[in-house]
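A.B. asks: My questions all concern the structure below.
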Amino acid sequence: YSWFVGDIFGAPLAIEGILAFFMEATFVAVMFFGWNKVGKKFHLASTWLTGIGAAISAWWILVANSWMQYPVGMDFNPETVRNEMTDFFAVAFSPVAVTKFFHAVISSWIVGSVFVIAVASWYLLRKGESHRKFALSSIKVAGTVGLAASLITLFTGDKSAYHVAQYQPMKLAAIEGLYEGGESVGLVGVGVLNPDKAWYDDGEEDFLFDFKIPYGLSLLATRDANGFVPGVKELIEGGYTLPDGGMALSAEEKMVRGRAAVEAMAGYREVSRALKTADADSSDTAALETRLQEYDTILDNNMPYFGYGYIDDPKELLPNVPLNFYAFRIMVVLGSYFILFFIVLAFLAFKDRYRQKWLQWVAVISLPLAYFCSQAGWIVAEAGRQPWAIQDLMPVNVAVSNLSASSVQVTFFLFLALFTILLIAEIGIMVKAIRKGPELEQNQ
């Protein structure tokens, strides 16, 4: 993986490490521990710079992730067997990267807003009237920011789904449990998948129960209520008209072209090595150069399907349908819940009517739901792209490095131990700060 695409994947991560990481690392300590120890203006600047650094960090990390799901701005060099960046701005500002950044970052504001509301509600439950003014002020800000973030996330989520339909249609089919597509396709609002359903032509029903929003999926995927949305069947068999007017290839044809590209790459390398040792004036040199050009042409024509050359069975192209289907709906249901959550709590806080103990407990209990919602979205993003490490170019089984199992195990458990210690420390610091409470209220 690192050899095949490291030239592209490493660039945004290097920028993130050099610029954003050091900005965050420098100012986060001042932000967290510098209260009343540094000037107010410097503390405020440190807080803003920490947030800006985190956003910049997220941008470059998500650019790298988005490129894996929508690889653009590069060209394959058969001499080095590497994909090399040819257009930095195409990589950094691809439509998938821009949408993913806003969707991921602004959805994190939802998590932050729920966290603030949960802590403020805990103050009301445990400390009562002494912390009421502070708690209500916190809920007003968090509720307003959370509601705005929820609505923006709803918009960016719609845009993200449209991009998935255009660039990763098999992911969309898995998300919807859409084994057979068509025109004017409904969006599954509520449904229970048939656990016996494994493939589009196995004769099993797709759902045990489902309720669909008429025309919803066609609108989401094509912006046309009567638009055609391919399902697993169409994506495997091909033959339907693509948005650009071309004809969709079958999975078998893509696999044939992918194998041709893989074989051409091997042939190119073999001939290239032979040319390096051949006599420049030899009659064989011209023949080798001709063969090299032929292999290069085959590679150019079939490179978009390169990854399919490592696929043995079309069934490998289908992601885990139940995992994606239910994770997507967990994300949507919880996201909808948080819109109502922010509206109700912000309204009560502004009216100074947030006194219901049961509702305060609901706010506290809602904190883990925010994390579940965020993680469900990431499950869809990453599990839905399987089997691809890089869409259409490299399946996961090929991206694996040649490392011994013991090396992977040692590294895994070292990171597990390190991050567990950091998690415990982080939770401990936050709990201590929450228990201590706001100094302003204590002074009053």
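Cβ from N, Cα, C; glycine included.
So TrEMBL has the following annotated:
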TRANSMEM  12-35  transmembrane segment
TRANSMEM  47-68  transmembrane segment
TRANSMEM  101-125  transmembrane segment
TRANSMEM  137-157  transmembrane segment
TRANSMEM  326-349  transmembrane segment
TRANSMEM  361-381  transmembrane segment
TRANSMEM  410-431  transmembrane segment
A.B. asks: Among 12-35, 101-125, 137-157, which stretch has the most Cβ pairs under 8 Å to the transmembrane segment (47-68)?
C.D. replies: 12-35
A.B. asks: Residues of the same chain, at least six outside the transmembrane segment (101-125), with any C-beta under 8 angstroms of its C-beta?
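C.D. replies: Result: 55, 58-59, 62-63, 131-132, 134-136, 138-139, 141-143, 145-146, 149-150, 152-153, 156-157, 159-160, 335, 338, 341-342, 345, 354, 357, 360-361, 363-364, 366-367, 369-371, 373-374, 377, 434, 437.
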A.B. asks: With the transmembrane segment (137-157) as the reference, find which of 12-35, 326-349, 410-431 contributes the most Cβ pairs under 8 Å.
C.D. replies: 326-349
A.B. asks: Using Cβ atoms and a strict cutoff of less than 8 Å, what residues sit near the transmembrane segment (361-381) while being 6 or more residues removed from its termini?
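C.D. replies: For the transmembrane segment (361-381), the far contacts come to 65, 69, 100, 103-104, 107-108, 110-111, 114-115, 117-118, 120-122, 125, 171, 175, 323-324, 327-328, 330-331, 334-335, 337-338, 341, 345.
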A.B. asks: Under 8 Å between C-beta atoms and at least six residues away from its ends: which parts of the chain pack against the transmembrane segment (410-431)?
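C.D. replies: Non-local partners: 32.
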